[in-house]
Structure formats: structure tokens, C-alpha cells
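> Quick paste of what TrEMBL says about this protein:
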REPEAT    10-42  repeat 'ANK'
REPEAT    79-111  repeat 'ANK'
REPEAT    156-188  repeat 'ANK'
REPEAT    224-256  repeat 'ANK'
Amino acid sequence: KAQLNTRDRLGRTPLHKAVEYGRMEAVEILTNGGADPDIPDLVGQTPLICSISEHGVDGEEIALHLIRQGADIHAKDAKGFTACYRAAQRGCLSVLGELISKGADVNIRPFNGKTPLMEVVHAAGWHHLHNRYAIYEAAAGLLLSGGADPDIADNKKKTPLAKAAKDSEDGLCQLLLHAGANVAIVDYLGRDALMRAASSIFSTRKTLDLLIAHGADVNAASPDGMTPLMMAAETGGKKAMERLIYHGAHVNSINKDGKTALDFA
């Protein structure tokens with residue numbers, strides 16, 4: 001057993017190597033022979049974390065095997081990432097579901113300040129026009145069903161809802177709002193989710209309607225007096241302006257510089 005757990009100069013064991021090369025048969029032989037699945041390498045990655053961070057969906061079979069062999073699902077690497085975080089980040093739905101069912105912390109915040117849920121929303125934004133968007137939407141659903149708090153903000157006080165609203169990720173907005181996301185939380189600039197949506201070039205009628213239907217204040221103002229209508233005007237969002245006015249936005253509100261929405265149009 002001692003030889004099974006021998007570490008190289010990077011702190012990696014034979015099990016790490018088998019995982020790195022995606023050798024399922026070797027992984028089974030090593031774990032069945034008593035290899036320790038929880039030894040971290042020099043950057044803190046256990047074989048389980050390694051299987052997901054290096055291979056993503058292609059490493060799910062190995063990751064599931066390690067979980068079922070009793071690998072520590074709460075282990076963190078040097079940056080604070082867990083297997084659950086990496087599974088969410090890479091869109092590994094089978095592994096994510098298995099980890100959540102076994103009690104993985106879905107609200108963990110590594111050094112980057114983002115929860116797995118926030119990471120999923122960010123990833124969805126990158127894949128918005130690609131077929132993997134649905135995967136990240138499903139990952140968000142798994143996390144929320146598993147107890148993820150939709151209101152935990154990142155280091156800039158931005159919530160998952162604010163990010164999803166800015167990117168007009170309507171499916172994610174709906175999931176987050178259904179889970180009780182607070183529409184009134186403001187970021188480090190004092191802007192709420194509706195302001196983020198209104199100021200985005202990606203703004204859609206559906207996003208605005210969803211937020212307002214769930215209590216977003218169409219006439220709320222940021223610390224500098226900017227309203228959602230002013231922000232929409234500033235970015236040339238004609239359709240957003242029309243929708244906000246339809247919902248009762250005050251066209252004559254002024255900001256701290258004495259400007260109205262018309263001055264930004």
C-alpha cells in the first residue's frame with residue numbers, strides 16, 4: 001500500500017496519474033488495491049478534484065467511481081475549490097447531482113469569491129449562444145434544489161440574479177426568482193438587477209418583465225440618481241425604454257447632475 005501512495009515531485013500519486021491520463025481501469029485497480037483517494041498534490045488537488053478540473057464531462061465516470069469509493073467530497077485545493085465547485089463550473093451534471101445528494105456544500109466560496117451558483121451563471125453567459133447553455137441552466141437547477149442560496153453575492157456584491165439579468169439569461173432569471181432571489185439587492189455601484197438589465201445591450205422584454213413582476217422597483221435610483229430608464233437611454237436601449245415606461249417609469253426623474261432620461265437618449 002505504501003507504494004500505491006508514493007508521491008512524485010508534484011505531490012501526485014499513481015492514482016493522480018491514472019486520473020490525469022483518464023485510465024478508468026487503472027483507477028479501479030488502484031482504488032480496489034487500497035490506494036488513498038484523498039492525498040492532495042502540491043496545489044491541493046485530490047484525485048477527485050483533478051478528475052473534474054482536468055477532464056470535465058470526460059472525467060465523470062472516474063469522478064463517480066472515486067465518490068462511490070469514499071473519496072472526501074469536501075476536500076479543497078489550494079485556491080479553495082471543491083469537487084462540487086469544479087463540477088458546477090465544468091457542467092458535469094452527473095457528478096454534481098451525486099455530490100449534492102451526498103451533502104456537498106453548495107454555498108462554498110473559494111478565494112475568487114464566487115459560489116458554485118454564481119460560477120454557473122457566469123459560465124452560462126459565455127455559452128449563451130451555444131448548446132451548452134442548457135447544461136448550465138440545468139446545473140443551476142440542481143444547485144438551487146440542493147439548497148444553494150441565490151442571494152450570496154461575489155466580491156463586487158453582484159448576485160447571480162444581477163449577472164443573469166445583465167446577460168438576459170431569461171431561463172436562469174426565472175429559476176433564481178422562483179427560488180426566492182431578492183430583486184432589490186444592490187452591487188458595489190448601488191445598482192440592482194433591474195438596473196443591470198436595463199443598462200445592458202442584451203436587454204430583453206422578458207427579462208425586464210420577469211424582474212418587475214417579482215417586485216423590482218422601476219423607479220429605484222442608484223447613489224448617483226440614475227434610474228433604470230436613464231440607464232436604458234444611455235445605452236440606446238429603445239425597446240428597454242419602452243418597456244420600462246409601460247411599467248410606469250417616471251420620464252422626468254433627474255439624477256444628481258440634474259439630467260433626465262431624455263438627456264441620455
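Cβ from N, Cα, C; glycine included.
TrEMBL annotations: computationally assigned, not manually curated.
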> Short question: which residues 6 or more past the ends of the repeat 'ANK' (10-42) have a Cβ under 8 Å from it?
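Contacts of the repeat 'ANK' (10-42) (Cβ under 8 Å, skipping residues fewer than 6 from its ends): 1, 4, 48, 50-51, 54-55, 58-59, 61-62, 65-66, 69-72, 75, 77.
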> Just to be sure I understand, if DSSP states are collapsed into helix, strand and coil, how many residues of the repeat 'ANK' (79-111) fall in each?
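Grouping H, G, I as helix and E, B as strand yields 17 helix, 0 strand, 16 coil.
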